[in-house]
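Per TrEMBL, the features are as follows:
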ACT_SITE  C114  active site, proton donor
BINDING   P31, M32, V33, Q85, H184, A238, R239  FMN binding site
DOMAIN    29-292  domain 'DUS-like FMN-binding'
Amino acid sequence: MIDDIRETKECQLKDPMDLFHSGQVVKICAPMVRYSKLAFRTLVRKYSCDLCYTPMIVAADFVRSAKARDSEFTTNKGDHPLIVQFAAKEAQVLCDAARIICPFADGIDLNCGCPQRWAMSEGYGACLINKPELVKDMVRHVRNQIDSPKFSVSIKIRIHEDLKRTVDLCQKAEAAGVSWITVHGRSIEERHQPVHYDAIKIIKQSMSIPIVANGDIKSLKDAENVHHLTEADGIMVARGLLANPAMFAGYEETPFQCIQDWVDIALEHGTPFTCFHHHLMYMMERITSKQEKKVFNVLSSTSAVLDYLNDHYGL
């Protein structure tokens, strides 16, 4: 897939830092396993999303296997600015992955926030917040080995119980040349507890690089409130955008036009049925009755879904 786009891509790259210097809060689509792929990124970009991330990709697999590269990473000339998120635990492996991706994306992000057991046991994700020297080393290596000055290197973290440790981690990453830091305002152990927006504000006040706030943002109003509470330079949203991809454009719930756009984009991209259907289930969660959900959620083919949307909504 990378080879297919080589010719059309080189001149399309953008400097993501320009967004942070625009004076506006940067609206960001989070890295989501299975979901933040090219078709969905194409959709949210139509509805005022400024910056998109790929799902997390394991850097070692990406470097080692052309098959992994083809299945994990797809892009096109309209898919910018784009950040590719990697899971990595060795500086040189992350550099090698960054070097491969550099002609086709605008930056990489090191995942230091995934709390899933498999990631932690492999030495990836949130366990890295307890290894600030390693994070610093990985950021510095990529900075030193990628020539393009516009190519961003960011990290996404969770917070420690002792916030001094989080501030120390962030300052070490800043010294190594990190472009910005996304802070999910929960600790590794916390899942559905309230987000510590006050902690994000303290981190923001301790740094001179942009800070992005993440966690429990479900509407544009939420985004504005979190910006007000944290003074963050950007707002990253995951589930809120799954439920309403038009959220950043100010829609309270998914408009029918957005559903129509998803159908058109997904069919054009050849999106696998399960993914196509799941996105629709999320988008229609708030606008369908319990009875309708029972019917819609068990449909098992693209044609059945298209017939349902046509019969019920004229789409």
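Placement of Cβ uses the backbone N, Cα and C atoms for every residue, glycine included.
Keep in mind that this is a model prediction, so the values were computed, not measured.
Recorded residues C114 (active site, proton donor) and R239 (FMN binding site) have their alpha carbons 15 Å apart, per Cα-Cα distance. Between the two most distant C-alpha atoms of the annotated FMN binders (P31, M32, V33, Q85, H184, A238, R239) there are 17 Å. Neighbours of the residue listed as 'active site, proton donor', defined as other CB atoms within 10 A of its CB across all chains, total 23.
Of the binding-site residues V33, A238, A238 has the largest number of other Cβ atoms within 10 Å of its own Cβ. Most Cβ neighbours within 10 Å, among the binding-site residues H184, R239: H184 holds that distinction in the structure as shown. Here the Cβ of M32 (FMN binding site) has 19 other Cβ atoms within 10 Å, regardless of which shown protein chain they belong to.
Of all Cβ atoms in the protein chains displayed, 25 besides its own lie within 10 Å of the Cβ of Q85 (FMN binding site). Long-range C-beta contacts of P31 (FMN binding site), restricted to its own chain and to partners at least six residues apart, with a cutoff below 8 Å, comprise Y53, T54, P55, M56, I83, Q85, D109, N111, K156.
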